[in-house]
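According to Swiss-Prot, the protein has these features:
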type     : residues                                     : note
BINDING  : Phe10, Thr12, Val13, Arg44, Lys106, Gly303   : NADPH binding site
BINDING  : Val13, Gly303                                : NAD(+) binding site
BINDING  : Val13, Arg44, Lys106, Gly188, Glu191, Gly303 : NADP(+) binding site
BINDING  : Glu130, Val133, Gly135, Ile137               : Na(+) binding site
BINDING  : Glu191, Asp202                               : L-homoserine binding site
ACT_SITE : Lys206                                       : active site, proton donor
DOMAIN   : 351-425                                      : domain 'ACT'
Amino acid sequence: MTVNIAILGFGTVGTGLPTLISENKEKLSKILDEEIVISKVLMRDEKAIEKARAQGYQYDFVLTLEEILADSEISIVVELMGRIEPAKTYITKVIKAGKNVVTANKDLLAVHGTELRALAEKHHVALYYEAAVAGGIPILRTLANSFSSDKITHLLGILNGTSNFMMTKMSEEAWTYDQSLAKAQELGYAESDPTNDVDGIDASYKLAILSEFAFGMTLSPDQISKSGLRTIQKTDVEIAQQFGYVLKLTGEINEVESGIFAEVSPTFLPKSHPLASVNGVMNAVFIESDGIGDSMFYGAGAGQKPTATSVLADIVRIVKREKDGTIGKSFNEYARPTSLANPHDIVNKYYFSVETPDSTGQLLRLVELFTSEDVSFEQVLQQKGDGHRAVVVIISHQINRVQLLAIQDKLKEEVDFKLLNYFKVLGD
């Protein structure tokens, strides 16, 4: 008996999947009592087919999706093309043809996931996407299964390997933003246009998917607050270390009584926090829940083999569900109405770096500005000025989002003060 699959896209992960199937052939056969066979591979043009054959791949390469749709033996289609189009159009056609889908396309799922999941349910087929979040970490299935009896209250993750690589270089080797980005591009971690990585967009897509599994609520990327790495200076990293923190780009979801709040932002993590030691291109997700307490899931966030492993796990799960007659069930069965938290209910400590005139009385003026919004200080550091301008660094006590925005507005109105940076600070 065989399970016939088709692959759309034959890039890094697409070429890694056949190798993984071959390496695990005996184990897969024992688990499924069937052999997984790659029946067709969709390629973009004849030149790509020639290149693949020259590399030793001898699959049935095709140039149109229709050739896959017309093959009644193919039950699972694996989309590994990336980007929203033509992936969305292709997946829609595959689902309507009654075939199951596995994808690693986080962009597509974050933007059009609700629509595609509804379509899959209507046509009684599977739509699985474990590899879309944190590559080789089986976090989605863990949330869907192992946390089904628990209430998650807080999720915090390092979800983008490129930005984490850059922050590691900035923290451990005192590199600048530009130096760390150039190295990430040289190593192939960052694209020539790094916007999605450095501005928190990629992480926000993953956070949108995680919100469904962890909290049962669907968030669009537009409902997730985003800030990235571009404004981070060496002095910010140095001050974080001086105060006992590590600066990381994190994705966070908090649930409070009024709803959930999701944010991607540079964050001061206490050096004792489990995520503070997650370095390089690695990813991790830290979860606080009522039953289990604190738990963390760590692993490769990308790469050929880790991502292909998650893709293959989805294929195995689909075959099992076909055998037990539950193939139409959603990947994530936890859903409730989305409720966004009241900004007054979202509280954190914050780091502020403010440039002021280097003259008597300016620190007092700055203190008065903050206290006018009922914001008090946990730590204050006035850096040595040049006789003209100085920098004051503040870590506040807990404040809510409304107070944070008010402080930003007041600093913008003050011609003598310039807000250089502000970052969330975690820890008691």
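Numbering starts at 1 and runs along the chain as it is shown here.
Keep in mind that glycine also has a Cβ here, set from the backbone N, Cα and C atoms.
This view paints the features noted in Swiss-Prot onto the structure.
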residue : record               : Cβ contacts under 8 Å, 6 or more apart
Phe10   : NADPH binding site   : Val41, Leu42, Met43, Ala48, Ala52, Tyr57, Leu80
Thr12   : NADPH binding site   : Gln304, Thr307
Val13   : NADPH binding site   : Leu80, Ala104, Ala131, Gln304, Thr307, Ala308, Val311
Arg44   : NADPH binding site   : Leu63
Glu130  : Na(+) binding site   : Pro138, Leu140, Arg141, Ser310, Val311, Ala313, Asp314
Val133  : Na(+) binding site   : Lys106, Ile139, Leu140, Leu159, Lys206, Ile209, Leu210
Ile137  : Na(+) binding site   : Asn283, Ala284, Val285, Phe297, Tyr298, Gly299, Ala300, Gly301
Gly188  : NADP(+) binding site : none
Glu191  : NADP(+) binding site : Gln185, Asp197
Gly303  : NADPH binding site   : Gly135, Gly136, Val281
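Long-range Cβ contacts of Asp202 (L-homoserine binding site) within its own chain (separation 6+, distance under 8 Å): Lys106, Leu159, Asn160, Thr162, Asn196. Helix first, then strand, then coil: DSSP counts for the domain 'ACT' (351-425) stand at 23 helix, 31 strand, 21 coil. There are 28 other Cβ atoms within 10 Å of the Cβ belonging to Gly135 (Na(+) binding site). Each residue in Ala131, Ala132, Ala134, Gly136, Pro138, Ile139, Leu140, Asn283, Gly299, Gly301, Thr307, Ser310 lies on the same chain as Glu130, Val133, Gly135, Ile137 and has a C-beta within 8 Å of the C-beta centroid of that Na(+) site, without being one of the site residues. Within 10 Å of the C-beta atom of Lys106 (NADPH binding site) sit 24 other C-beta atoms, taking all shown protein chains into account. Around the residue listed as 'active site, proton donor', a 10 Å sphere centred on its CB holds 26 further CB atoms from the protein chains shown.
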